[in-house]
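Listed features, source Swiss-Prot:
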type     : residues : note
BINDING  : 4-33     : FAD binding site
ACT_SITE : 465      : active site, proton acceptor
């Protein structure tokens, strides 16, 4: 088995690369994927988003080590174990990120990845329905749309934000991110539009693309060059040879794990694991970042929430309507309103994100109260806390050791306390007067800093946006793992391209930036000229230095 390019992982970036590397017919591509089929309602029905993440069949099911700042809780850290990777089990929320995110990447050493450089790739990948003209792509493979937003609670949330003095935005993925508006999702024709649907499945119809179901054990490195991948399938160890390059695209947990199993990583740690050190790169597995969030939940005085649809027999009606007609509530992830806000004067870009949901419910689908309600998923998205991914042993099948070190930076506590109080202010606006009942969570008795901190320690959870563990940077940065061309520093014929190479978190969900990374990396790999830099200037709040709104 051999191909010009061997891609480990069929996730957001891996699927995009498989398509772009093979589209001219000149190169052969093999995609290695351990996970199984994405066919079936649990993945394809948008409203069923809670199911695949709770199923071992689709999710690697990782847990963090006990988190000291969060009452030593082990935090769930899901990653997709299925065709399409995490794009097949995520919440389908589409956020490009803020322009300043990518400008920060370039400042951190990722030359050629500033906003002006990446915007053309976002446009190339998008098939936007109703986005801002001139800022959005309209003929790409990834369908992006807004929900119908028929529930009055969505509009109450947006109106409440305006009443509180915040901006509104018609398209947060266009020229103006800041403000309250309708949220976009990667769904189309009533179903999830994953990277597998957008990129991989069309690519697999080409004679030069092959998908191999297997477990990737390590990258084979000979004389300083990656020559293939050692895999296991059917109980046998085999080698898939790469005539040109091996591209690791296995997630922010498994990409550094694979590099370390291959002898690339912190030398002392590899020696402790009994692994021969091929390249001593201390940055492999370091720089782990993630978004955290909590649910702010309120009862509703009017029976307008989705609570009526939670009983099993009502869910059956939703499922049947989706199955036979691809219509109804099943066609949306129900995250149809949002906000991107700045936490304080002097903060230039939004750093607080809201997902609004017209029901009070946990991510696993359990109701928060036996009544109608609504909630906001609230997160401070520019945390300075950093963690690491390391090996548990030299056994390729052992789960990685994941230490996020959540809330280890004092600023995180200040920002999340502000998030609690800010949400109370928003939910307290006139737009919610007809709907607002008693507060469920955090609860009316949670008021002081100490009380809020106690709530946060017990209720903060991951937003499932890990990144940064194979950081992209300049070759003279000792903590960089890949250079701005996505090449692993010190090894020929080996690249990494997924969210693990992000130097820093983007402001928002990571599926969109991950796909963009695959799109752009493909041009680097093929040696193509980069798409022409954009000269469009995004909107920055003119009051940012003196006001938070």
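Any Cβ shown, glycine's included, is placed from N, Cα and C.
A map of Swiss-Prot features onto the structure.
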| residue | record | CB count, 10 Å |
| --- | --- | --- |
| 4 | FAD binding site | 17 |
| 8 | FAD binding site | 28 |
| 12 | FAD binding site | 35 |
| 16 | FAD binding site | 31 |
| 20 | FAD binding site | 24 |
| 24 | FAD binding site | 10 |
| 28 | FAD binding site | 19 |
| 32 | FAD binding site | 26 |
| 465 | active site, proton acceptor | 26 |
Helix, strand or coil at residue 16 (FAD binding site) [DSSP, three-state]: helix
DSSP-derived structure type at residue 28 (FAD binding site), helix or strand or else coil: coil
Between residue 465 (active site, proton acceptor) and residue 32 (FAD binding site): CA-CA distance (Å): 23
Cα proximity to residue 465 (active site, proton acceptor), best match among binding-site residues 4, 20, 24: 20
Reduced DSSP assignment, the residue listed as 'active site, proton acceptor': coil
